[in-house]
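One structure below.
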Amino acid sequence: MLKFTFTPSLHWGRFVALISVFDTLLFFMCMIASLIVFGGLSKSAFLGADFRVYTYFDKNPIKIADDYQLWRLITPTVLHTGLSHLISNVCVTLVFGSLLEALVGFRHTLMIYFISGIGGNLFSSFCNPGSISIGASTCINGMLTGLLALLVINWNAFNGNQQ
């Protein structure tokens, strides 16, 4: 019932469904790697991998600038620190992403998702060069901004004055 209320156009072929499945699989792979390599999970995040697992993939501005590790601009968008972080990001991605994808399509949603993720990580790196972060928040903010832009562009259609 909730699927029809919040994500009526969602199905397995949609970008937001595919990226959500990918995020979830990668989360469990990181947890397994944490258990095998470091012998346990994170002490600070509920059901999350040890933070050392993310050492080569997080957004680290110093490594991006000094060592030209540009993959660090995209890999943080698919990593999550704990189960609650993953669930909240996947739920928001599915609800708002499916709405955006129904309006603009697979390709444009994919571009909005990753361009906003890279752009958000670049902006964060410039504003706070000492920060290290992971998560899809930059991508989610890009999707919400895309929906807001569509609302502003089509504002007249909402009050019945279509011109």
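Including glycine, each Cβ sits where the backbone N, Cα and C put it.
Per TrEMBL, the feature transmembrane segment maps to 12-38 (among others).
The domain 'Peptidase S54 rhomboid' annotation in TrEMBL covers 69-158.
Remote same-chain partners of the transmembrane segment (83-103), defined as residues 6 or more beyond its termini with a Cβ less than 8 Å from a stretch Cβ, comprise 6-10, 14-17, 19-20, 23-24, 27, 45-48, 109, 112-113, 135-137, 139-140, 143-144, 146-147, 150. Residues annotated as transmembrane segment in TrEMBL: 83-103 (among others).
Taken from TrEMBL, the feature transmembrane segment applies to 110-126 (among others).
The transmembrane segment feature in TrEMBL is assigned to 132-153 (among others).
Within its own chain, the transmembrane segment (12-38) is flanked in space by residues 47-50, 52-54, 78-80, 83, 86, 89-90, 93-94, 97-98, 101, 106, 109-110, 113, 136, which lie at least six positions past its ends and keep a Cβ under 8 Å from the stretch. With a cut-off of 8 Å between Cβ atoms, the residues of this chain six or more beyond the transmembrane segment (132-153) that come close are 23, 54, 57-60, 76-81, 85, 89, 92-93, 96-97, 99-100, 103-104, 109, 112-117, 119-121, 124. Looking at the domain 'Peptidase S54 rhomboid' (69-158) alone, the prediction's average pLDDT is 92. Per-class residue totals from DSSP over the domain 'Peptidase S54 rhomboid' (69-158), listed helix then strand then coil: 73 helix, 1 strand, 16 coil.
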